[in-house]
């Protein structure tokens, strides 16, 4: 297959993704860990959970650049994975990426579920309970994702339409038809829709609960809950617009690889998904005041210290 003119650009974009995004997310994690107020400590665990899964996804993207080979139901594994040229290893890395993406979605959903239950409990949720709940949902998502992936994948040598394969090196193929493909893509699409529906439902229920409790609970406390919830909604719009919507498009192109420009559309969506994590991390810092103040202090401190030293030298 002759190399398309945009293939090199696509790979360089994914390389830049790894180089730029990793420091941003690590910086955000340090801000959340070190500068979270005591009254936001439990919430920060859920926020940190989403950042960690996003960081893991970017770490996997460092090793594998997925290039759709539509209309064949295959992806070419470019990047560091291609140097190994082992199909099993490639699928292992791909499924790791799949798990990270699914759990990023789960992590955002869990945050809104947590905000609803924290409003209705008289005492703060215990850390252990929060960890157990979060772990149970993530483990369940992991098991379902791995099962569906393993059922859908197929060795390249067993791919039924071998004449449609343009090359055999570094290919990761899936069954082009059958219940495995239908079930995997349908459940992934339903999972996206369900996560959005659950987050939206718990948001609306919390807003209703805040309205019902007006006059029974201090106005300051109700306003704080509403302010935090609306802030989380604004933050969650980033992964929804730049993560969930492109993922939905990727599912459509994978389900119908013969669609016009399916390959190009899928490539663009993969690039968008791989880059949305940094926007999410930045929005998290900008939207929440304690993190915004901490980031400003850390980023401006070297400049401030330099100015002070220069002034002292001028005075001397």
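Glycine is treated like the rest: Cβ placed from N, Cα and C.
The model shown is predicted, which means the values in this text are computed figures rather than measured ones.
TrEMBL has this to say about the protein:
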- 12-33: transmembrane segment (TRANSMEM)
- 45-68: transmembrane segment (TRANSMEM)
- 88-118: transmembrane segment (TRANSMEM)
- 130-154: transmembrane segment (TRANSMEM)
- 184-207: transmembrane segment (TRANSMEM)
- 228-255: transmembrane segment (TRANSMEM)
- 261-288: transmembrane segment (TRANSMEM)
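As a quick check, the transmembrane segment (45-68) and the transmembrane segment (261-288) clear the bar of 3 or more Cβ pairs under 8 A, pairs 6 or more apart, so the two touch. Residues 6, 10, 13-14, 17, 20-21, 24-25, 27-28, 31-32, 40, 47, 50-51, 54-55, 57-58, 61, 66-71, 101, 231, 234-235, 238-239, 242-243, 246-247, 249-250, 253-254, 295 of the same chain lie 6 or more positions beyond the ends of the transmembrane segment (261-288) yet place their CB under 8 Å from a CB of it.
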